[in-house]
Structures are given as structure tokens and as C-alpha cells.
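Novice: What Swiss-Prot records for 1-43 is transit peptide. For 84-118, the entry in Swiss-Prot reads repeat 'PPR 1'. What Swiss-Prot lists as repeat 'PPR 2' is 119-153. Residues or ranges marked as repeat 'PPR 3' by Swiss-Prot: 154-188. As annotated by Swiss-Prot, repeat 'PPR 4' applies to 189-223. According to Swiss-Prot, the repeat 'PPR 5' annotation covers 224-258. Look at Swiss-Prot and you will find 259-293 tagged as repeat 'PPR 6'. Positions annotated as repeat 'PPR 7' by Swiss-Prot: 294-328. The repeat 'PPR 8' annotation in Swiss-Prot covers 329-363. Marked as repeat 'PPR 9' by Swiss-Prot: 364-398. The repeat 'PPR 10' feature in Swiss-Prot is assigned to 399-433. Annotated repeat 'PPR 11' per Swiss-Prot: 434-468, in sequence order. Annotation source Swiss-Prot lists repeat 'PPR 12' at 469-503.
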């Protein structure tokens, strides 16, 4: 059996190394090239065995810092005789938990140079570290060395390699490795299969994941909660809500209890698809099954309720979350603050803002952006500007969205001149302005009758390396209509079609539809009913006409 496994694994190893270019040795970075490692030379080399045993205890290793771990290794390799390989493995495992994979690889090489004989556990640690560093070829080299020494790979070995392949999106190689192991009578555990299914789902190959799922069931391998959760996530991300719900039911029928991750994934999917009622029912089902919702579950549901203007229910859910001992984080606060601001209840949003500070949570750029926009929407320009000024005082860096909100708010509230001062300052500071920034200013100019200035700015976009989107075009066309510049409107319309921006009803977003409706209204009010308007009505904006 061992010889059969070794021969098959060697063939697989040889094929994979050749496919990926020149075979590489398993040599790993020397200590001089490992930034995390320090000098090995110490003033004293006398180390007592009792001291080492105490430092290698589970209690000490549990919270060990990297520098202390390297010091301990240095003392271990100076000790005579060397500590057992079990002790070295325990230390290496502790460093793995720190995610310092390159350090583990270097220490493993040092052990080899010193003649400290590895066991299967050591090889598995090093293979896993190479895989975590996205160096699957080097992991395969270690596998080859391990086989030459007569060690038989176990489930951990195969699981690590499968994970390594999947991390590199080499799912077919992962499947091939598992198939080869099965051929020779080796039975990988569900962990290896789960890694493959999860990888297929994350690369949008959900149908392949389902086929693989059915195949392992036929082989008599029982899926677990991780298997189902990966599939539920994959289906949700592919907008296959019904299939995900059926899979959840199938899971329960097979007496595999879903966990909070499974439920949260499906609940979030329902929310994003506008199925808030189903999301609430799923939440209630979780509670009935004694599965405690976590911060992700609550935040998803709060977000869904806010998106559908059920702000009071969202607030109640927030209070329930806190009462259950689930501490609200900045994301959950931002979600509810945004809901209040959208509902024109910015003062309620401010209460939450102050509550965050009282609870020791630090507001971020998103928090400030949300409240600044909320004040502008409420018509409180002074408060919005004051809040913007506070950002610098509290060390919160504004991003491009902050400035876009500021420009839009000023323009919408009749403060174009102030907006232009800020816009000019942004240009002087060579900020990375996006199409939203320019569209906002163009809209503000058109709104105040400065169509020529808007047209000049629009025409300069290509020189700035920016491409107008449908919002930019529609905004500019609307402004031109007010000045009776039909020739320019028709030219822009033709350009939009050439750019492929004239979408059909199926692909228009809600914002695009609203803009199209506004444009049609503007053209009708200006007395235009040429073939252009007829074309727009019949082709692009059937949905928009319902808004007229």
C-alpha cells in the first residue's frame, strides 16, 4: 500500500512540477533573507532542560510572541542532546498560528541543516506553510522528499495540498490529486472535498460544485455543515435564492444542523434580492433552532429593513441585537445611521453617532459621509459643512466620496459658487477626481443656467482621461435642452449610441430610468418632438415613460 501510494504520488509530483516549468528544489529562504528572523548568535549557550520544558508547555506556547519563539528555537538547537522532534513540532505549530509561514519554512530548513530528523507531522507543517505562501510547487517538492524517506501522506498532507491548489485556482489539479489517492485505495476526508467545493463556488462554477457534491455523495462520503454552507454561499452569490433555500431544507432533512454562517449567507441573499419578509422568517427560524445570530446576521437584516424604508423595524432589530449581548460595531451603526438619514431623520442618526462615541467606537469616513449627506438632504448646509470641517480635527481623512457628497450637496442647495471653490481646490491639490466629481459639477452648472461652462467642462473630460457615463451624458443633454441647443443634444445622443450606453429596458438601472424620464420631460417642455425624442421613447426609455 505504502509503495503504491509513493509511486502514484511521485508520478503526480513529477507531472505537476514539469507543467509548472523547471523543477525547483525545496530549499527555502535562508535566515539572512528572512526579515522576521533575528541573529542566532547569543552570548550564552548553556540552556537547562527544565527551562526548555517549561517554555515549551502549552500554556507558554499559546500566547508566545514571534521574537520569543525565535529565541526559544535558538536555545533548542544549542541544547545537547536536541529536544525531541515533538517539541520542535509544537513550537513550529505555535508560529504557524501567528501566520508567520516564511519563518516556519526557514526554521524547518535550519533543522534539516543541523540533522534534526523530521517526522510526518513536521513535513505536514512545512507543506502547509508553502501552500499558505502560494508556493504549491515547493510544497510538492517537500512531498517528494517525504516519500523518498518512506513517509506515507495522510489526510492532513492531502488536505494541505488540495487547499494549496485551490488557493492558486488550480481546482482541476486538486481534483486530480484526490482522484489519484482514491484510485490506490486512499480515502481523503470531507475537509479536502470541502476545499474543492468552496473553491469552485468562489470561482462562480456552482454547477461544477454541485456535480462534485453529488459525486462524493455517491461515493458514500457524508457532507457536513461546511460542505452545505459553501454551496449555499455559492448559490446565493449566483442569485439562485430558491436553490439555496431548497438546499437548506435538504440539509435539515438529513439532520445536518445549519450553523450561523449558513443562515447568515442565505439571509443576506434574501435581503439583497428584496425578500425582507423571507429574511425575517429565516431569522425567526434561527432563533427557534437555538442558533444565536451574530453581528453579520443582525447587520444584514438591519440593512435590508433600512433599504426598504422600514427604519423603525431596523431600529428595533438593532436594540434586540444589543439586548442579546451582541455588541454593535461601526458597520452596524453606519448601516442604521444611513437608514435614518435616507428617511430624512438625520437627528436620529446623530443620536446614534453620539452613542457610538459613548461606547468607545471610533467613527470612520463612511460615518461622516453618511451624516454629511443626511444634513444636505435635510437642507442644513451649514451643519453639513461644519461636520465636514470636524473630520480633519478628529483625524478622519475625507475620501473622494466625501468630496463628491460635499459638491453635490452644495449644488443641490443653490451654493454652486462654494462648490466651485472646493472643486478648484481639489484640482490644485491634484486629487484623483472621478467621473462622478465632474458630473456633479456639470449638473450644478446646468441647474444654475451656466450651460456653456458645463459644456466646456464636459468637452474637457477626454483630455483628463475620463469617459462620460450615461448619467454624465443625460445631465449634459438636459442642460443643453434648456438653452434650445438641439443640434448638440442630437450629437450627444449619437455619441451615446456609439459608446454603447443606450441600454434596453432590461439593463437600465433605477437611476438611469429616472434620468431618462427627466430628459424626456425637459425635451417636451422645450417643444421638441423630433425623431430623436421618438427614438428615445420607443427604444431606451419605455420604463421611463411610466414616470412621466
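For all residues, glycine too, the Cβ spot is worked out from N, Cα and C.
As the structure is a computational prediction, the values presented were derived from the model and not from experiment.
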Novice: Do any residues, 6 or more residues outside the repeat 'PPR 6' (259-293), come within under 8 Å Cβ-to-Cβ of it, and if so which ones?
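Specialist: Sequence-distant neighbours of the repeat 'PPR 6' (259-293): 225, 228-229, 232-233, 235-237, 239, 241, 244-245, 248, 251, 300-301, 303-305, 307-308, 310, 321, 324, 326.
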Novice: Let me spell it out: take the repeat 'PPR 4' (189-223), skip the flanking residues so only those 6+ beyond its ends count, and list any with a Cβ under 8 Å from a Cβ in it.
Specialist: 155, 158-159, 162-163, 166, 169, 171, 174-175, 178, 182, 230-231, 233-235, 237-238, 240, 256
Novice: Using a Cβ-Cβ cut-off of under 8 Å, list the residues of the same chain that are 6+ residues beyond the ends of the repeat 'PPR 9' (364-398) and lie near it.
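Specialist: Sequence-remote neighbours of the repeat 'PPR 9' (364-398) are 330, 333-334, 337-338, 340-342, 344, 346, 349-350, 353, 356, 405-406, 408-410, 412-413, 415.
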Novice: DSSP says what for the repeat 'PPR 9' (364-398): how many helix, strand, coil residues?
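Specialist: DSSP composition of the repeat 'PPR 9' (364-398): 26 helix, 0 strand, 9 coil.
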Novice: Counting each residue once, how many in the repeat 'PPR 12' (469-503) are helix, strand and coil under DSSP?
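Specialist: Tallied per class, the repeat 'PPR 12' (469-503) gives 26 helix, 0 strand, 9 coil.
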